[in-house]
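These features come from TrEMBL:
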type: BINDING; residues: 79, 84, 161, 166; note: Zn(2+) binding site
């Protein structure tokens, strides 16, 4: 189901995905937010002692979905069928959409259409209790890690599109610090657990290296 461009003023592209308050995952998210506040992102992404890796990845994947949702929501008026007729990240990288079920053969489409497909698909995965169980004691499926990797690989493409095609708008809106912090958090997280193939990160490789070197 598609939620393309709800109320612009709400500034999120899709409805925010909330973790059930009082649940263990909610507590984990609170822990993540508290450690992020310390300013040490490398430390903040590490698996907390005694916690389940799948659950940690699930909680952070939901959080990144919400962050990207908000970041893209701030620039939707600049990302249009005419300004972004293809989903690209600079002149060398173009993405075609397929989800393996509804659209099996990759299709070329505009960036807003692609991102709508992508965020709707991610939302469907996050809402699937068999993939992302929110109840304590319900095990994660065997294919959880491969699903999470696909979600994160696709979410990266939204960051890549924003940086390459809309960074001027981000700066006009004075959102660049927010975007850079969110992306740095995302990159440190996927590096910590080797979640995205290096080749997939090529469109933003220079930026990734810059963010990493500042932290050494």
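Glycine is treated like the rest: Cβ placed from N, Cα and C.
Predicted, not measured: the structure shown is a model, and the values here were computed from it.
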Other than its own, how many Cβ atoms are within 10 Å of the Cβ belonging to residue 84 (Zn(2+) binding site)?
19
Taking all protein chains shown into account, the Cβ-based neighbour count within 10 Å for residue 79 (Zn(2+) binding site) is 20
Quick note, residue 161 (Zn(2+) binding site): same-chain residues at least 6 apart with CB under 8 Å of its CB -> 79, 84, 87, 88, 89, 111, 115
Residues other than 79, 84, 161, 166 within 8 Å, Cβ to Cβ centroid, of the Zn(2+) site?
75, 78, 83, 111, 112, 115, 162, 165
